[in-house]
Amino acid sequence: MSPLLLFLGAVGVLAVALLMIAVPPRMIRGVAVSFAFVAASFGLATNAPDIIRQVSSVAAIGVLVLSLVRSRAARSGGVRFWAVAVWWGYVSLGVLLTGSYGSIRIVLYFGLAALAAYVASSLAQAELRLVYGTVAGLAALQVALAALEVLVLPEPVWGYTGFVRYNPFVGDVYARAQGTFGHPIVFAVFCGIAVIVAWSNPARWSPKWRLTNLTVAVVGLGLSGTRSAVAAVAVGLLLHVALNSSLTAWLRSAVGVGAVIVVLLNIDIGIGTIVANLLDSGSWSHRLGALESVSQLMARPPLEAWFGNGFGSENQLYDRGLMQQIYLRAVDNMLVYALGTMGVVGLVALLAFWVVAFCFADRTVKAVLAMLFAMFFSFDLFTWMNAGVLASLMIALPRTARPAPGLVAPPGEPALLTA
C-alpha cells in the first residue's frame, strides 16, 4: 500500500472525527449509523484490499463509539439488538474455540456488526429519517457507479471475484454490475433493501422522491442481473402488502401489485425465458448441490454434526468431499452453510435469530428480513462482511410504529409515521 494512500486514509479518518465532533448530540447516532452504512457499502467487500477493509472497519467502530460518548440518548438495546448480539456472540465463540476464521475478524466484522446494531437500536425519529435517506442516497451513488462499470470502466472498482458474470436480463451482452460491494448478489441485496425502503416509505418522502428512489433501486436490481434477488424482493414486497392493517389499503395495494403482474405477463420482456434459463443454468445446479449435501453433513460424527468446525471452515467440508458442488467452492446457501460450519446448533441459532428479529420488527424491517431470508436459499450472505454488517444494521433499526427509545424529537419536528 502506497504511503500516499495511507496518508489520505489517515486524513479522511481525522476529517470524519472532526465532523462527528461538530455534529449536534441529538443527531450524532444517526450520523454514525449512516457512516457505518457508507463504510459497509464502499470499504468492506471481501475482495477489497485488506488495508481498505481494515481502515473502513476501524473508522466505523471509532465513529460509532464516539457517537455513544457524545449522544444524549438514554439507552440502546431492545430485543432485536440482543438477537443480533447473541448471534454474532455465538459465531465468535465458535471461531475462538476452533480458530476457523481468524481472531482479528471477530473485532473487525462481528464486533462492528454488533456495535452498529447497538447504536442503530436507539435512533430517534429524525435520526431514522437521516439513515433511510442515506440508504436511498447510497443506492443512487452505487447505481450510477454500476452504470459506469458496465458501460465505461474496464472492470469493477474491486475487481471480479473469480470470473466475469454476465447479465441474463440483457441476453448476457453486458457483465453483471456489482458497484463497490465486490459481488453482484451483494449489490443486488443492497438494492433490494433500497427498493423495500422506498416502497414502504418510513421516512415519509414526497411521492416524487419516493418514486425516484424506487426507480433508482429497481434499475440497480436490473444492472445486478441477479434473478434470485428479484424473486426475494418480490417476497418482501408481498409480505409488506399482506401486513397492512387496513383492509381497504391492503386491497388497494394488492390490486396495484396484481396490475403490475398482469402488465409484465402481457408484454414480452422474456420472463418465461429467464425462469427457464435459471432452471437450466449451472448456478441452479450448483445451489441444488448444496441441498444434496445435507444428508452427508448430518452423517458426520455426532459432535461435529451438532457443532461443526466453526464459521469459515467450509474448505474443510470440500476437502473431505462433504459438499456436492462441482462449479466452485462456495456453498451459496446460508442455511446449509450454517449447518455445515456450525452444525445443527448453529442452524437452529440462525433460525431462532431470524424468528425473534421478525416477531419484534415493524413492517419495513419484516419485509427486509423476508427478502434476506429468501436470499439465504441462493447465497451464503454472512460470509460477506459488508452484507453481514448491513443486515445487522437494518435488523436493529427501531420500530417506526411508536417512538424510538432514546432521543425525543424536538417540539415541532415531524414524527416518523408507521411504515
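For all residues, glycine too, the Cβ spot is worked out from N, Cα and C.
According to TrEMBL, the features are:
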type	residues	note
TRANSMEM	51-69	transmembrane segment
TRANSMEM	81-100	transmembrane segment
TRANSMEM	106-123	transmembrane segment
TRANSMEM	130-153	transmembrane segment
TRANSMEM	181-199	transmembrane segment
TRANSMEM	211-243	transmembrane segment
TRANSMEM	255-279	transmembrane segment
TRANSMEM	334-356	transmembrane segment
TRANSMEM	368-397	transmembrane segment
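Under the criterion of 3 or more C-beta pairs below 8 Å, with sequence separation of 6 or more, the transmembrane segment (51-69) and the transmembrane segment (130-153) do not qualify as touching, having fewer than 3 such pairs. Counting C-beta pairs under 8 angstroms (sequence separation of 6 or more), the transmembrane segment (211-243) reaches the transmembrane segment (181-199) with 3 or more such pairs. Recorded stretches compared: 106-123, 181-199, 334-356; the one with the most Cβ pairs under 8 Å to the transmembrane segment (130-153) is 181-199. For the transmembrane segment (181-199), same-chain residues at least 6 beyond its ends with a Cβ under 8 Å from one of its own Cβ atoms are 41, 45-48, 132, 135-136, 138-139, 142-143, 146, 156, 158, 161, 165, 205, 210, 213-214, 216-218, 220-221, 223-226, 228-229, 232-233, 236-237, 240, 364, 367-368, 371-372, 375, 378-379, 381, 384, 386-387, 390, 394.
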